[in-house]
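Enquirer: Have a look at this one before I ask anything.
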Amino acid sequence: MLRLEAIDAGYGGGRVLQGFSLDVAAGEIVCLLGRNGAGKTTCMKAIMGLLPLMAGRVMLDGQDIGRLPAHEVPKAGIGYVPQGRRLFAGLSVAQNLEIGLRARGSGRDTLEEVLDLFPRLRERMAQPAQTLSGGEQQMLATARALCLRPKVLLLDEPTEGLQPSMIEAIRQVIVQMRDAGVAVLLVEQRVDAVLSVADRVAFIETGRNGEVMEADALRADHGIVERYVGV
Amino acid sequence: MTRQTARILALHGGLLAVLFAAQFVLPAYHHGNLARIMVLASYAIGYNILFGYTGLLSLGHALFFAAGMYAMGLGIQYGGLSPAPAFLAGVVAGALISGALALLALRTTGVAFMIVTLMFAQAGYLTILYFGEYTRGDEGFVIQTAQRMLWGINLSDPVNRYFAAFGLFAISLSLSLWMVRAPFGRVLVAIRENEDRVQMLGYDTYVHKLGAMVVSGTISAAAGAAYGLLFGYAGASFASVQYSIFPLLWVLLGGAGTVLGPFIGTLFMFYLIDLSSGVTTAYMLIAGVVLVALTLFAPQGLAGEVRRRVWRGLP
């Protein structure tokens, strides 16, 4: 579904990612793990076209989307929930979702499906986004990305700063999306959160590929986590 | 229609009804003032679409105001146009110039955008002075009463002038209200809040900002054309940087990103200067103190504070 082929990307002239490659299949959750500054968020931004590719290709269903303008990438089928949620704070929950729906011309059916995944949002449709709790804001950010009906969903630290009940709610949605055939690429710092949800784990170290392994194998070998992440 | 929509329509329709009725009760002095305020508030409404809703701070809107005023005025003076096509020429000039400026200025952001818009407005101002043979430079030129007859209606007559100003204001206000509640307006607000995020949802933010600038410039030009037509004068001072700062002040005072804010800000500022200048020659000192106080105690502007404290759904 999504394939990164030896991509280089970074800021200004600096290459944060160097020859980084990764595959995410439909109906699979792949987690990207690495230390702070390793290049995880840079990888997400490069996929979304927010940073120019200096080398390599980003393939989606066999099509190279690596040079598309940023606003065309979501239309190709990639939804992105960035770190820090980035809601439209002054707009209501309903208006935030409406903007997501209109982007792909999705209708009421899509909205109902998304709200079924996040029933808490249904009760808060008229509320300004800035007045939601942190967990609800994360739900809204994820729901808005799902309004695009993405084939691939990129989530950058979706459980950061959330209480356990909210983390569990987000985790369940991620699993549901995977079961519905969506390819999920997840960036996480919390190893326990990764192990509870991922099918495969890809390590990233100073912008280069580390090991890629099944999550089950990682559960049996915590030494490797310590090596790449330091916990 | 939801209850919220009904309240919004009642509020804005109520203001228009009051302004319509004011025509019959106001003394002549305030009658004339209100006509002028409504035209200037239309200018501020145009400015608010770009600054208040889209988050783009322009320091060059005097260019659009003056484009409307001069295209209309020169069309009458030298083109022999009657008021209606001259007004239309002003509106078209504003649309074209704002579109051309947008193509260049929107390649920049933040401070650079402010500087580029300011520089183009200054270029416009200097162009007016350079072609003083036609524009009469700083002195400007008068549009005679005989040239301001619209289908037999004398626009220099106070009653007709008031209704024409009211018509322009009603159209500008309604357009602004409709636009910010329409999907296009929602995207503009989203761009103001977080442009990157809007792109990540699949919107071409450049095209939306271009649209916002053209609508904003066109409304500003319509206000400029109407001002020249209703008050019978076109002068270079309307193209100066001061006339780019005014709408910014009016919008900030009234409430950026609110539909009623531009009118409230223009009304407030107009009468603040009018009343304080009757008290002392140092009236700008009084105006300054009041503005500082407002900035401290109502940082979101008057309508903005109403939205924050009383009615969160105020558009």
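Including glycine, each Cβ sits where the backbone N, Cα and C put it.
TrEMBL labels come from automatic prediction, so no person has curated them.
Checked TrEMBL, it gives:
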TRANSMEM  B:51-72  transmembrane segment
TRANSMEM  B:84-105  transmembrane segment
TRANSMEM  B:111-131  transmembrane segment
TRANSMEM  B:162-180  transmembrane segment
TRANSMEM  B:210-236  transmembrane segment
TRANSMEM  B:248-273  transmembrane segment
TRANSMEM  B:279-299  transmembrane segment
Enquirer: Thinking of Cβ pairs under 8 Å, which stretch from B:51-72, B:84-105, B:162-180, B:248-273, B:279-299 has the most of them with the transmembrane segment (B:111-131)?
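Expert: The stretch with the most contacts is B:51-72.
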Enquirer: If you count every Cβ pair below 8 Å, which range out of B:51-72, B:84-105, B:248-273, B:279-299 shares the most with the transmembrane segment (B:162-180)?
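Expert: Stretch with maximum Cβ contacts: B:248-273.
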Enquirer: By Cβ distance under 8 Å, which residues at least 6 away from the ends of the transmembrane segment (B:51-72) in the same chain are close to it?
Expert: 43, 86-87, 89-94, 97-98, 101, 105, 113-121, 124-125, 128, 135, 180, 185, 188-189, 191-193, 208-209, 212-213, 216-218, 220-229, 234, 236, 238-245, 247-248, 251, 255-258, 261-262
Enquirer: Looking only at residues six or more beyond either end of the transmembrane segment (B:84-105), which have a C-beta under 8 A from one in the stretch?
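Expert: Residues 58, 60, 63-64, 67-73, 75-76, 113, 116-117, 120, 150-151, 209-210, 213-214, 216-218, 220-222, 224-226, 228-229.
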